[in-house]
């Protein structure tokens, strides 16, 4: 496998601009903790979020969306059924889609089984933390919930294997982000530890990835560009006044984001 | 049909004060994206929100509420059942209620069917964007999700027809708000484009309308007054620091709202 | 029954530090209005929130969590089933757990029945407002929804009786907080009326209590310390700019909380 390249700002810029200009309609089936934050993050970057969840509606709505996000954070039997219908429709209709396998692993067998079924519908991108990617690849992980404790580097081989096995792109985010299709890999450093101390930054990054891959011809770079934008906005966020202000400031920074000033 | 009148601040003031003084209990069955924002908006204007959703509880809780909001944004089979029970109870017990028909239209047949059933229980007010009102009236719309693209003026005739047909009040909000009972129409200009770039402003306005019509003898003016308050708060919100701050500032402005200073 | 003692800051400090140092994993099954706020409050105090709700997952996830929160605010048939499974697992596996009986009372018979079933699984702590505690004890209350109108002092005897009957700790929060095991009682004054004008402060306090009792040998003091921290953060919050800013500032203050500076 080839070496890892650091993503350059000049590579991310066209993808950031593309979302701002095209306002992709992103169909989100995500968890109940982060729905509001996710919608505001998508609006801040210029995308148009739509949370449609009924099993009667998801398959047809996917067809008019520009991309789909499925996040299993607060999965239950009803939402699992909708997710499987939506993923099948995305595959059939060639709508790019992102899978966020929140907290998969041996401790949570039900979602792990559903996530493996979802992967059968060929997600365009899988984005998770190191613990989740290790678990998906069948490797050992120290995860005990949505906040994984493994380093992203420790999961890079698992990510590459997973990407090759399922012909998808895998993004592991954390201390250093890695985005790989199993052959080519981009890395992104920076960000801020505060991003892990407010809820929904990983989940809403997955939604950003869905916005970035909509209508894009280079899915690997589009995914990496979304990760880049979140890491840089996280650096720019106001950390002086506490975590409440930081969460607000993160959306501020995404909405004001200007690649020329990075 | 008569001419449209611009709503005056002096007309809105008594309704704004009425909510602050009487703290109406607003029973909300709304979508999962905006529940927190809606509750905070209602508290900010002086109302008392209560999100009660179980099919076992909604019909009896409607009876002790001062008004009801039904918003179909993240409708599924379970919530549809609760909505129909709540609407039936509201009609039977003469509790005023607001219907927010989020994203109705040909692309989403299931919710459109449920919304038509809900209209059978005679909502006091229907509040939507232009695309939703056009779709409800059977006219063509360009909508492809919750964020409609039609101008409110293009939907005014549809609103008047819908109001007369169902003996209800229809509020179309957007660039210019129109509030009509099919004969008399109020318009409200102003507001801010930023209101469309954060999630939940339309949905929480519907909740505000529910608070305003509780115990009111002039439902048309009460509805228009809620729309007025949201538009003015939207103008006063802090737009300089980005969209995260703007969302927070909107609730600030609603909580500090003083009609004497507009 | 013995006299009530005012909680001292020196008593609360070790419990506040314990959460910051041990990052307890708090399994939350809570209402849809406050999930995001609750997760951010838990992260702000140093805990690790996990919202796992599927009936297929809750019983096994409780076992790896350090504590459990069950809040019935937006209960429905599905979540009730998960709550009962989780509570049973908590009792069986000796995982401490908190019950927040939102809006129980004669107006809402379904949740009241479920809450009584949940109490059968011996919650470590029950936290509610005065109206809820009165209702749980079978006394009259003026409650008509989640925001009770009774004074906490009026519910103190009910709290003591409830605590003794179920061998649990009862925390009534409001103008003055009381935390009792039926014999010993702590009181906490202060706080700010603004805490009642934003949504989720009571619900997220219940989650804080769950974090504080995780791994603690003195559950009564741990519970009182969580209430103390919320009241003091509420006093420190910025009230000048309106209720939107206040909600953000409350999380800021929790994240920056330094008992040495109180």
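Cβ atoms are placed via backbone N, Cα and C, with glycine included.
Taken straight from TrEMBL:
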- A:51, A:200: substrate binding site (BINDING)
- A:127, A:173: ATP binding site (BINDING)
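Features as recorded by TrEMBL, highlighted on the structure.
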residue	record	Cβ neighbours (10 Å)
A:51	substrate binding site	25
A:127	ATP binding site	31
A:173	ATP binding site	26
A:200	substrate binding site	24
Helix, strand or coil at residue A:127 (ATP binding site), per DSSP?
strand
Cross-chain proximity of binding-site residues to B (CB under 8 Å), evaluated over A:51, A:173, A:200:
A:51
Looking at the binding-site residues A:51, A:127, A:173, A:200, which ones have a CB within reach of chain C, meaning under 8 Å Cβ to CB?
A:200
Which whole-number value in Å describes the distance between the Cα atoms of residue A:173 (ATP binding site) and residue A:51 (substrate binding site)?
24
Could you give the Cα-Cα distance between residue A:51 (substrate binding site) and residue A:127 (ATP binding site), in whole Å?
19
Looking only at C-alpha atoms, tell me how far residue A:200 (substrate binding site) is from residue A:127 (ATP binding site), rounded to the nearest Å.
13
